[in-house]
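Database features (TrEMBL):
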{"type": "SIGNAL", "residues": "1-22", "note": "signal peptide"}
{"type": "DOMAIN", "residues": "101-444", "note": "domain 'Peptidase A1'"}
{"type": "ACT_SITE", "residues": "Asp119", "note": "active site"}
{"type": "ACT_SITE", "residues": "Asp329", "note": "active site"}
{"type": "REGION", "residues": "452-486", "note": "region 'Disordered'"}
{"type": "COMPBIAS", "residues": "466-479", "note": "compositional bias 'Polar residues'"}
Amino acid sequence: MEIRFTAFVLTAALMLSVELSAGGTFSSRLIHGYSDEAMSFWASKGKSVTCPKRESVEHMRLLLSNDLKRQRLKLGSQKQLLFPSEGSKTHFYGNDLSWLHYAWIDIGTPNASFLVALDAGSDLLWVPCDCVQCAPLSSSYYSMLDKDLNEYSPARSNTSKHLSCSHRLCELGPNCQSPKERCPYTVNYYSENTSSSGFLFEDKLHLTSVGGHEHQGSVLASIVIGCGSKQSGSYLNGAAPDGVMGLGPGEISVPSLLAKSGFLPHSFSLCFDKTNSGTIFFGDQGPENQRLSSFVSLDGNYNTYIVEVQRYCFGGTCLKQSGFQALVDSGSSFTYLPSEIFPKVVTEFEEQINATRLATEDFPYCYKASSRGLPNIPSMKLVLAANQSFVIQSPVFTISSDQGDNFYCVGILPIEGMIGIIGQNLMEGYRMVFDWENMKLGWSHSKCQDIGGSAKVPPTPPPSGLASNPLPTNEQQRSPGGHAVAPAIAGKPSAASLHAVSYWHCAMSSLLLSFVVWLPYLI
């Protein structure tokens, strides 16, 4: 018995017929997409196909139209990114706001602006709301701000609605007395006694699209917001006074909800340049030449951005038994090494820096600046899994004493346990890509101005009758191939909503790329 297969491969206006036999012979012939044989193939599939007469004006117009469509398809393969409608730029205020990076975002209808800290180590986006115990919001408390910070009020947003205790994203739902009650939340952070608590709401996050073949436009995304009525610890004392955007991989985070709603791949990037500013882009999966290392599980679970550090190196020499797992956390100002690794690193640092140490209250490894400036800082790097080098570009930072003296301090501190933290200070000069879609951390040298525009687009609601993407419920609203569906730009319907055009079956033979239909039959 011989088995043969005939394959029809549709590329441009041609079909390629391929025949394979068990005897090893291979033959092929080209069949025009509008030939009688092609029409017979569609007819055998029960499709009634009417194509214009060959070499007629209609025939040539159809071929030209399909060429243009193919060109648009190629342009559409360019990656689309989203960033906050207030702009992609992030802000750094040093010690004035606890050494964290911030971004302005717009929430609700009408929109209100919030200056949120960017934290890859947590999941929830929360803002001060119906405050009982919140940090001061007046600009008079913060010398670097020229306007007061906002307090969110669900009652003042036309698009706000509470999450009930029965909602699948309500983690504390089992503790509610009734499934219809408002869903409460409490988030505890690494910093001592630092937390935020309140209730969860759904509302709109205003974003701007850039890239792909669409013009820059506004996008409204349904997200979950923590109405933070009570803060404690560092957040009550002025760190992140206007809220925190959790960028972790948990279901409730903004990157996760954007991915599940079909906007973008589950990925984002943060870039921190040496001028203390940077960028944030949702959907960014990084350049082709970036270095990559896989995320690993923590206690058997994949629920945060953990990487495997195999060695800690000075120059070309790596310390023995210096491997550990590390959380990659943009919400941590500094880097923390496990208590067993830290002494090895600082001892080697001391031997190579050749400067007199002057410990401060919070930072044990500081060095007074001489008239010649910064001492000779040894080169350091982390070697991650798959032998990927992460060069530490800025291991020290500058602080000033009350007497006006400048000190250079090592931004690396010890932490209990075996899980370290790679903080913001080691990310400086890098475009950091948190690609949960492919379970990879990516990094590449960057000046943070090379992946799209950062112009502010005024937030505008969608026109009447055009709904923005809803908050996902139990199903992940993605295309069958696993790729995110393009978002509906305000004022324009998404491609998925367009109706079929005339000559559909005929055009398919010239539009589909690498479409293969295998017809098995026995001889």
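Backbone N, Cα and C atoms are what each Cβ position is placed from, and that goes for glycine too.
TrEMBL does not curate its annotations; it predicts them automatically.
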Subject >> Euclidean distance between Cα atoms of Asp119 (active site) and Asp329 (active site), Å >> reply: 7
Subject >> Under 8 Å by Cβ from Asp119 (active site), same chain, sequence gap 6 or more >> reply: Leu100, Val244, Met245, Gly246, Leu247, Gly248, Asp329, Ser330, Gly331
Original post:
Once the chains shown are all counted, how many other Cβ atoms turn up within 10 Å of the Cβ of Asp329 (active site)?
Top reply: 24
Original post:
If you average pLDDT over the domain 'Peptidase A1' (101-444), what do you get?
Top reply: 91
